[in-house]
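Engineer: What TrEMBL records for this protein is below:
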BINDING   A:Leu9, A:Gly10, A:Leu11, A:Gly12, A:Thr13, A:Val14, A:Gly15, A:Ser16  NADP(+) binding site
BINDING   A:Lys105  NADPH binding site
BINDING   A:Glu190  L-homoserine binding site
ACT_SITE  A:Lys205  active site, proton donor
DOMAIN    A:350-427  domain 'ACT'
Protein chains: 2
Amino acid sequence: MQVVNIGVLGLGTVGSGVVRLLKDHEHKISSITGRKLVVKTVVVHNLEKKRDIDLTGIKMTDDINELINDNEINIVVEVMGTVATAKKYIELLLRAGKHIITANKDLIATYGSELAELADQNKCDLFYEASVAGGIPILRTIVNSFAADRIIEVKGIVNGTTNYILTKMSQNNMSFTEALKSAQELGFAEPDPTNDIEGIDAAYKMIILTQFAFGINVALDDIEVKGINGIDLEDIKQAKGLGYNIKLLGIAKLVNDRISVAVGPVLVPETQPLSAVQNENNAVLVTGAAVGETMFYGPGAGELPTANSVLSDIIAVTKDIVLETTGNRFNDFSREGKQALPDEVKYPYYISLKVRDRPGQMLKITEVMTELNASFHLIIQSEYDDVNARVVMTTHEMSEQQIKEIIEGIDNLEEIEVIASYRILSE
Amino acid sequence: MQVVNIGVLGLGTVGSGVVRLLKDHEHKISSITGRKLVVKTVVVHNLEKKRDIDLTGIKMTDDINELINDNEINIVVEVMGTVATAKKYIELLLRAGKHIITANKDLIATYGSELAELADQNKCDLFYEASVAGGIPILRTIVNSFAADRIIEVKGIVNGTTNYILTKMSQNNMSFTEALKSAQELGFAEPDPTNDIEGIDAAYKMIILTQFAFGINVALDDIEVKGINGIDLEDIKQAKGLGYNIKLLGIAKLVNDRISVAVGPVLVPETQPLSAVQNENNAVLVTGAAVGETMFYGPGAGELPTANSVLSDIIAVTKDIVLETTGNRFNDFSREGKQALPDEVKYPYYISLKVRDRPGQMLKITEVMTELNASFHLIIQSEYDDVNARVVMTTHEMSEQQIKEIIEGIDNLEEIEVIASYRILSE
């Protein structure tokens, strides 16, 4: 049987998983592809570090040239992380005719188009299924199964760390700080969790999903990103009382054929399937004009789930090598897209306020709302502390422009402070 | 732009949807495939029948030879239904070099391997994504994204009619007869609903899923099929009280590397994602050794969802035509598989009994259980009617062999009747 040689760049969690799975499922992979897939060379930063996987027969090196200059290597799996160095290496490898598989969402979200073009020029495949929602095969599904449909909206829970934190807060009555600590202890959150809890990680994934679903390139700056840092347990409870779970959602949708992408805490009705996604799991809900709502659910990260997505890419490349059809883009769909205007993206909102408890306060708030032509659906007042009340409102649908003005207007009032303003998903 | 000509065999709900979507999404499809896809000829049984879709420029005929003998036609979509005639037509079309797309689950479940071989010999594609779970792209996902993983279990709600009936019974306190009538009025159930409510339709789909997930061919006779005909509302309520929803599930799993496939009502814990799948929706939960649990959820039927799956097949064929890679099997994975033995498939069970209400009855039941070495987890007695009590038990894990013997043993007792015995899924 002919051999396809694989190089691996980086031997962290995912890299180790790839080496392990290739060995464990060797026979099934051969029976499907008609090739024997062999990890020939692994490039690591630190050759001295002890690894707890079987590396028999694999050349270990710290020199990237061992991949670039080895004509026997067909495919390189980049799982080293970072953006600048990974980009440089991948460019060199593509120029040397290596097919590339990467799980590097930051890199693909930022330089995906540029690298796809370079891959084209060199007749190379460039796949990155593992970059979004680890174990869920969402990118290839959009490419293969929604090609004939017009996708209207893609929304999802694409960050496992924040979903774990929100689940713990909601189910175990933990504060944000306690839940974050628990996530770190269990390895679901990094020692420096900034990218996760600020929503940046989710935003990168939404950039890639938007590209696949709508064929439109957006940049991080085009996305309104809110994280869950310091989210108040009391708001989670209030939302629950109203029939919602607060989830960190990425939402990409077409509004009057313009694109709107946002990441932030959203009140999801308990009756919706996204609402039931718990702990570190991910889920992506795709709404097609023809097919309606479909949801894809699974583990968002982890050694083996992510490695499995890398392996599905390796098999796809191998099939392309066998059929001599390499060099076709992972996603062919591309169109011009304009950003939606702030006054055409409309949602109902949940607003939570800390209000000094004295007569006339409600009047001041309603005056601001009336001035801006916004109306409530519901107001609930409860205790905040000895001298302050918590006022929670849900509004009718309003534009981003309107909610911004309302928040500013209320924040300018004396003795009233906005704690939170979140979108509400409709039933 | 080069044209790919399509023939359509049958113009019912799905056929009309295909014609409609091809027109509606013409530009997107062309931009992805680089080809103009045109419906050239439609073969129908009754040429006189009025159709409420735009058929301008399409040749209508009742003669299959207009497809077989037309060299310009590349792809034929079979959505006429039936088994014998559809099989004969598809064989003639494959021999004439036409690529085939079908939504015909009965046909594929029964003659899939035979037809796949004929397609191979003629270098033709044979795709049938729409045959299982209408709008959910589950087959292609298994092929593409689980190729490197070892699937341990596939289970799901693959029949929309029965899920609609069970949802209505559970949520609206309807009897089985009332819920079935409501389903028929809304078009979710056929005038003759036998195949759906007896579980046959679900069993055909499980045959196809088993082939894709495990590479193993099973026949209808290999599957233990129970339907929901006459299922008792009281059992649905009792299950709910215990924290379960009763769903008609297909379950295919490996037990000691032998295959077990069953269709029947199952108690699904409310905490599991399958439990929340409501109305006519479908969902398939795939458990991979590496990836863990992933779930795919969406509409199981309907004109546009199903047509969308047909279109994803059309696009896949068109890409193969462009790349000159037609004639590769939809699913390459194939292995020998033995049936699991009745004493190695183990579940806890829910048993519901109608018992003449007099002293000593419980003793008789427990004697049967003790004799067969089976133990309860829980027993609840409630009123059945004036002279009978309902006794509901949940058992510890037992084999199919054991539960069969227990049911026989209890049924042989005087004045005691078994109403139901259902598997319970673990948390």
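A Cβ is built for glycine as well, from the same backbone N, Cα and C atoms used for every other residue.
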Engineer: Neighbour count first, Cβ atoms within 10 Å, every protein chain included; then name which of A:Thr13, A:Ser16 tops the list of binding-site residues.
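Structural biologist: Of the binding-site residues A:Thr13, A:Ser16, the highest Cβ count within 10 Å belongs to A:Ser16.
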Engineer: When a 10 Å sphere is centred on the Cβ of A:Gly10 (NADP(+) binding site), how many other Cβ atoms does it contain?
Structural biologist: 24
Engineer: Taking the Cα atoms as reference points, how far is A:Leu11 (NADP(+) binding site) from A:Glu190 (L-homoserine binding site) in Å?
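Structural biologist: Rounded to the nearest whole number, the Cα-Cα distance is 18 Å.
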Engineer: Report, in whole Å, the straight Cα-to-Cα distance of A:Val14 (NADP(+) binding site) from A:Lys205 (active site, proton donor).
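Structural biologist: Roughly 18 Å, rounded to the nearest whole number.
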Engineer: Which has the fewest other Cβ atoms within 10 Å: A:Gly12, A:Gly15, the binding-site residues listed?
Structural biologist: A:Gly12
Engineer: Around the NADP(+) site recorded as A:Leu9, A:Gly10, A:Leu11, A:Gly12, A:Thr13, A:Val14, A:Gly15, A:Ser16, what other same-chain residues have a C-beta within 8 angstroms of the site's C-beta center?
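Structural biologist: Result: A:Val8, A:Gly17, A:Val18, A:Val79, A:Met80.
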Engineer: Helix, strand or coil: which one is A:Leu9 (NADP(+) binding site) in, per DSSP?
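Structural biologist: Reduced to three states, the DSSP call for A:Leu9 (NADP(+) binding site) is strand.
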Engineer: Looking at the recorded positions A:Lys105, A:Lys205, which sits with the largest number of other Cβ atoms within 10 Å of its Cβ?
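Structural biologist: In terms of Cβ crowding, the pick is A:Lys205.
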Engineer: Cα-Cα, whole number of Å: A:Thr13 (NADP(+) binding site) versus A:Lys105 (NADPH binding site)?
Structural biologist: 16
Engineer: Can you tell me how far the Cα of A:Leu9 (NADP(+) binding site) sits from the Cα of A:Lys105 (NADPH binding site), in Å?
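Structural biologist: Taking the Cα atoms only, A:Leu9 (NADP(+) binding site) lies 16 Å from A:Lys105 (NADPH binding site).
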Engineer: Check the binding-site residues A:Leu11, A:Val14 for other C-beta atoms within 10 angstroms of each C-beta and report the one with the most.
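Structural biologist: Checking each of A:Leu11, A:Val14, the winner is A:Val14.
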